[in-house]
Amino acid sequence: MMNYESVVAFVGQWRCFQKLIFFLLCTSIVPNGLVSFNIVFVGDNPDHHCRIPEVNLTQEWLNATIPEEVVNGKLGRSKCSRYRLDVIRNLSDQGLVPGRDVNLTSLEQEGCLDGWTYSKETYQSTIVTEFDLVCSNQWKAPLTSTIYLLGLLVGALITGPLSDRFGRKPVFFAMMAVQAFSVLIQVLSVSWTMFSIFFCINGIARISSYISCFVLGTEILTGKVRVLFSSLGISLSFAMGYMLLPLFAYFLRDWKSLLFAIFPAHFMSLFLWWFVPESPRWLLSQGRVAEADAILRKVARMNNVEAPEIIFDETTLTKEKTTTRVQHNVFDLVKTRHIRKITLIICLVWFTLRFGYYGLTLNTSQLHANPYISCFMSAAIEIPAYVFAWLALQYCRRRPVTILVFFTGSLALFLIQLVPEHLSGLAVALELMGKFTFTAGVCLLYVYGAEIYPTVLRSTATGTCGILSRVGSSVAPFLFSIGDSFEYLPYILLGTLTLATGVASFFLPETFGKQLPQSIEEMPKARSLKCPMKTKKDPPKVISESPL
């Protein structure tokens with residue numbers, strides 16, 4: 001099998017073409033950051049209580065219509081009940097005063113028969129206020145996030161096979177188009193069910209476009225530029241979109257206005273079709289060598305360099321065409337012992353990273369009283385995380401850095417429960433440190449996984465091994481709800497899982513400084529579960545891989 005990067009070295013690594021592709025692909029990711037967490041504002045639950053219709057009540061009884069109750073240690077008005085209006089109307093007509101002549105705790109209560117009144121201090125409207133996702137329907141609010149995250153799971157499942165079969169570029173742009181129009185249709189939703197269906201479709205398209213863009217850039221770019229794109233470029237672009245989200249939401253307090261403002265960013269990305277080529281690596285893996293040759297010659301002209309008369313010799317053509325007769329699928333990820341071992345560990349790592357990332361991200365409302373500041377803090381911490389990941393990928397071995405990230409994250413999560421209440425700022429710093437490690441871990445694993453799997457399986461592996469990660473993200477909205485009985489239980493659970501994943505990462509293969517594998521035979525071997533033993537009398541022995 002040929003060394004692809006050596007063959008295409010004549011076009012350079014950072015010239016006109018590479019700069020253009022780098023910029024365009026990064027720009028196309030910015031809308032992903034805008035749409036990924038808009039549910040933080042679109043689906044937020046403002047303060048509310050039962051609506052009181054216009055009835056003939058004294059001001060004292062009007063103020064006392066909503067009973068008080070203790071929630072999370074604080075006394076406040078009930079959100080889902082009121083005193084029976086016919087009873088208090090009679091008491092008001094009799095001239096009785098609540099609290100003095102009538103013991104309010106003895107009065108019968110009823111549900112919000114006339115709907116709810118929502119506070120507009122922070123939002124003009126959300127889907128919660130639009131579709132009354134409160135009280136008996138309050139389970140629909142977190143389920144909305146889960147439906148979106150399940151869409152990410154489905155997208156991760158189908159993107160790899162589609163991209164490997166039909167090409168990186170067609171899938172990339174098709175999914176961007178679906179994403180744009182699903183956002184537009186969400187604005188027109190007339191029910192929670194309709195909103196949720198298109199929110200799920202949006203999730204499918206969002207992750208599909210992201211994965212396709214990542215794989216396309218990873219395969220077009222080479223050398224250090226490839227690492228820069230896949231670790232820092234694409235990640236910072238996502239973070240920039242994420243940081244713009246609270247700015248959009250601050251000025252657009254209505255959920256429909258916010259989504260409508262996001263739509264043009266997705267739509268404009270479709271015009272990049274005429275500037276972004278197909279991956280030559282993928283074309284070669286499919287036996288379409290002439291098309292790959294044509295793209296590289298066009299790149300050479302754009303970079304003002306001279307292409308060799310024959311880019312791929314006859315031997316290379318024969319080998320590539322022979323290779324493409326074998327159709328690879330998801331079962332190849334568990335076909336042999338060493339691939340199966342790698343796949344199982346990568347799946348565990350992805351599950352933990354996504355579970356922690358989305359769990360802490362969706363819990364940002366607890367960081368600060370202002371949701372816009374909370375969202376910005378959660379987005380801003382991703383910038384240094386991506387920079388750290390990029391530097392680590394540039395100069396450090398993959399496996400030790402991955403282990404360090406998990407151990408640091410677990411330590412931060414365990415320490416949160418030890419922080420005194422009067423040092424709330426320290427607890428916020430530790431939670432942000434947890435978010436930092438999970439963000440850096442996601443960035444590291446995208447590159448690490450792409451370096452482990454060969455071209456014929458890379459996109460399938462990126463999507464399929466992310467399925468368990470999407471299972472983790474799907475249950476993440478409910479992570480902090482289990483803290484009702486014990487406040488620190490979510491942190492202990494997440495910290496334990498993170499620590500265990502760090503131990504499992506020890507058995508991943510090392511890929512630092514190695515060429516991207518083209519075939520399954522070129523994949524690096526997983527580290528053995530056994531340790532080689534040395535004695536003074538016997539020479540070192542080669543310990544064969546143990547089965548799972």
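Glycine too: its Cβ is placed from the backbone N, Cα and C atoms.
As the structure is a computational prediction, the values presented were derived from the model and not from experiment.
Same-chain residues lying 6+ beyond the ends of the transmembrane segment (20-41) with a Cβ under 8 Å from its Cβ atoms: 123, 126, 144-145, 148, 176, 179, 183, 199, 202, 206, 209-210, 213, 216-217, 220-221, 225, 228-229, 233-234, 236-246, 248-249, 255, 258-259, 262, 265-266, 269, 272, 275-276, 302, 361-362, 364-365, 371, 375, 379. Summarising the annotation, TrEMBL assigns transmembrane segment to 20-41 (among others).
According to TrEMBL, the feature domain 'Major facilitator superfamily (MFS) profile' maps to 87-513.
For the transmembrane segment (141-159), the list of distant contacts is 39, 43, 45, 127-128, 133-134, 171, 175, 192, 195-196, 199-208, 211-212, 358, 362, 459, 462-464, 466-467, 469-471, 473-478, 481: same-chain residues at least six beyond its ends, Cβ to Cβ under 8 Å. Taken from TrEMBL, the feature transmembrane segment covers 141-159 (among others).
Annotated transmembrane segment per TrEMBL: 228-252 (among others), in sequence order.
Sequence-distant contacts of the transmembrane segment (258-276), counting only residues of its own chain at least 6 positions beyond either end whose CB sits under 8 Å from a CB of the stretch, comprise 20-21, 24-25, 27-28, 30-31, 34-35, 38, 41-42, 169, 172-173, 176-177, 179-180, 183-184, 186-187, 216, 241, 248-249, 252. The transmembrane segment annotation in TrEMBL covers 258-276 (among others).
Taken from TrEMBL, the feature transmembrane segment covers 342-359 (among others).
The transmembrane segment annotation in TrEMBL covers 371-393 (among others).
Annotated transmembrane segment per TrEMBL: 400-419 (among others), in sequence order. Long-range contacts of the transmembrane segment (400-419) within the same chain, counting only residues at least 6 positions beyond its ends with a Cβ under 8 Å from a Cβ of the stretch, are 349, 352, 356, 392-393, 426-427, 430-431, 433-434, 437-438, 440-441, 444-445, 448, 487-488, 491-492, 494-496, 498-499, 501-502, 505-506, 508.
The transmembrane segment annotation in TrEMBL covers 488-508 (among others).
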Which of 228-252, 342-359, 488-508 contacts the transmembrane segment (371-393) most, counting Cβ pairs under 8 Å: 228-252
Positions on the same chain near the transmembrane segment (228-252), where near means CB under 8 A and six or more residues out: 22, 25-27, 29-38, 40-41, 210, 213-214, 217-218, 221, 258, 261-262, 265, 371-373, 375-376, 379-380, 382-383, 386-387, 389-390, 393, 443-444, 446-447, 450
Reported mean pLDDT - the domain 'Major facilitator superfamily (MFS) profile' (87-513): 84
